[in-house]
Amino acid sequence: MSLPSRQTAIIVNPPPPEYINTKKNGRLTNQLQYLQKVVLKDLWKHSFSWPFQRPVDAVKLQLPDYYTIIKNPMDLNTIKKRLENKYYAKASECIEDFNTMFSNCYLYNKPGDDIVLMAQALEKLFMQKLSQMPQEEQVVGVKERIKKGTQQNIAVSSAKEKSSPSATEKVFKQQEIPSVFPKTSISPLNVVQGASVNSSSQTAAQVTKGVKRKADTTTPATSAVKASSEFSPTFTEKSVALPPIKENMPKNVLPDSQQQYNVVKTVKVTEQLRHCSEILKEMLAKKHFSYAWPFYNPVDVNALGLHNYYDVVKNPMDLGTIKEKMDNQEYKDAYKFAADVRLMFMNCYKYNPPDHEVVTMARMLQDVFETHFSKIPIEPVESMPLCYIKTDITETTGRENTNEASSEGNSSDDSEDERVKRLAKLQEQLKAVHQQLQVLSQVPFRKLNKKKEKSKKEKKKEKVNNSNENPRKMCEQMRLKEKSKRNQPKKRKQQFIGLKSEDEDNAKPMNYDEKRQLSLNINKLPGDKLGRVVHIIQSREPSLSNSNPDEIEIDFETLKASTLRELEKYVSACLRKRPLKPPAKKIMMSKEELHSQKKQELEKRLLDVNNQLNSRKRQTKSDKTQPSKAVENVSRLSESSSSSSSSSESESSSSDLSSSDSSDSESEMFPKFTEVKPNDSPSKENVKKMKNECIPPEGRTGVTQIGYCVQDTTSANTTLVHQTTPSHVMPPNHHQLAFNYQELEHLQTVKNISPLQILPPSGDSEQLSNGITVMHPSGDSDTTMLESECQAPVQKDIKIKNADSWKSLGKPVKPSGVMKSSDELFNQFRKAAIEKEVKARTQELIRKHLEQNTKELKASQENQRDLGNGLTVESFSNKIQNKCSGEEQKEHQQSSEAQDKSKLWLLKDRDLARQKEQERRRREAMVGTIDMTLQSDIMTMFENNFD
């Protein structure tokens, strides 16, 4: 065809490929039907398919060398006609035509051309549709007879073809038939002999011209020759042996092997065989074409001149035959498939010398096969489905009956029947075993479901009961449950693992503060309780179940929410047990009994305190060391009142305090406080409180200063504003009112009175600078002068009786403040603040007047007194002030140091928590990453050691 066109310099298109099967062995299978209706239809509709919809027009496109390079042209229109006329006997032939079309495009054109990109897009769509094709190829219908009209048309057309001048066709056929010889002579198989010299020289020249043209434009010559050798029409036509059409043949005529083939065809394809088909597709892929092409088709002995091939190789094998057997499902398992592939390679190694090029190709392809075959999963026998066994049993028993009827006298048929019977028995046994396994596997699931339902019902009942019980009883139940859980055997614990998953789903996740508090609480636990903590974590966290309980690292971020909640319950229960430590008898007591016992204890303590106070009152003048013990008793009283946990208990204790001996308690409550001696060095706390509360002006005696202290405290607790009283109006035993301020504050906290109500006024710090004066006999004139000045603002209804004054002091200690609401407390606090401001103003006025008077007194006294009369009031007050300020500074330093230490501990805890969080995040980030530098270092070390 192309030789005369080159000689005359005229480009002539060859006739299109044939689409009518002259051998009449075409079939219509489900896979071919899918290729026609789905694959071809979608490819035809694609926007890039227009260059492939008809044969290449070399005349129109001015491609004189196209048909010299492309020996087997193909297009979508030819494939469509072949599918319509049932040209193909199986789907693999049609798929081969599609691949030929794409390969022709890649072979002739450059890699970056537009037509190549269009072909790649079409091929991608083709492979996607091909993956959805049915796995098993089955004949759809019986072969239809060709109508007479069509036969006549075919005969007329064939007659026309014969009568027409067919010079070009003859030349094309002559070139087509011997084209195998030069191709194989150029290929690595240098074993061709006995070919005709003329035809080989002509075709060799033709191929070399095409190769030169191809080398100038697209790719090297070797790839062109190899690709053209694959798709030569004579090579494929001679090598492909179509399977016989078994539909038209009766079953009784077929031999035993073909009957066996029919039995296997109905069996489902296993997972291993699917992997084998994928391996076969991989070996036939284009990326392995350079070393796999000699094994695509059977060895053509006549074309290659290998007359002794079948003498050496007894069982020839190739990839085309293996693919055909795989399509026909002749392989029962993956090992038979592997045996055929290895047989193909062994034949190559056996016939060719070791240094031959084909042997190296075979080794490369075998490496590909072995690597993929080693990755096939191993299928257990029990994994076969029941439907597979049932179909096999029915088919084999049916064939057994037919075989018995058809082969009564033949010994070969008898052996076949025995084999089928054994197979049926084995499959029945396998079915029975499989059913037993299913029954056994379903039994524990039912038991677990029943246990789950029972446990759910029990949980609901427990919740209803627990809602009505006391919290102490709930704690007892928790303890009993924990003991029972410890005593349970391991098997019982394993059964409850399924129930924990429900708790895990319902558990509320913890925030950062809760986790931090939980870690602090765990650190507070004693050593004997930590074992239970480790047990809870290991039982609920499978990742930590195998860890060493003696040395375990716990990251709260990795623990489940249910585990954290369980730990929180256990730790809180343990911490509740530790401070209480109640005896066994008191556990079962009710609230009323507990309240009654506490009341009795408080009453006893109050009686003891009252008795001691009475004794202290008698002995105050004689013995001055006793009041310190009374202070201790008062502190015991305050501790007993503050130890009551609930509000009802505090009410009962306060009511007892107020109700017992109204006259005695009011008259004896405050005489119990100690007398302040001028020469005694006050303690740090007393100095601090007196600094904040006692506000004496200059020149006043110790008696008036004590009156200031008492009136400040009473005005802070009550709504009445009491001004300072003169010294001659004070009761005779009011010098005992210089009490310990700390104990008063403690009593007020016991009575739940807000601590803001007992704060000193704002002007106290300024008034402290005046100091505390000491009583001396020369101060009579001072007191008389102060009386006249202080009487004007103090003219209010103040009774002088002792009982009334003590009642006014005892009022703020009453428990009425406990029952007040928050609004009343706020109003009371506001009133107290207003009264403090008014009082501060009045005191400021009094202080100014006193300062003026003291200045005048100092001026007169300096003139009258001598320099050696001793220390003045001012110098003594300055000394006391210096002492107080020094002690206050020490206290301030100690408190600041304690605060700094607590802040440092908090900062350390925060830093530790922050570092742990950063470390955890870093570990999480490093889990999914690969350290390439580390990998490279390992590789270099390995190479150095290897060398």
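Note that the numbers count up from 1, one per residue, in the order the chain is shown.
Each Cβ is built from the backbone N, Cα and C atoms, and glycine gets one as well.
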* Quick one: sort out which of 209-220, 593-604, 761-772 is the motif 'Nuclear localization signal' according to Swiss-Prot. => 209-220
* Which residue range, 202-228, 229-255, 715-741, is the one Swiss-Prot calls region 'Disordered'? -> 202-228
* Secondary structure content of the domain 'Bromo 2' (267-376), with strand meaning DSSP E or B -> 75 helix, 0 strand, 35 coil
* Can you check how the pLDDT averages out over the domain 'Bromo 2' (267-376)? => 89
* Secondary structure tally of the domain 'Bromo 1' (27-133) (DSSP, helix then strand then coil) -> 72 helix, 1 strand, 34 coil
* **Residue distribution over DSSP helix, strand and coil in the domain 'NET' (500-582)** => 57 helix, 0 strand, 26 coil
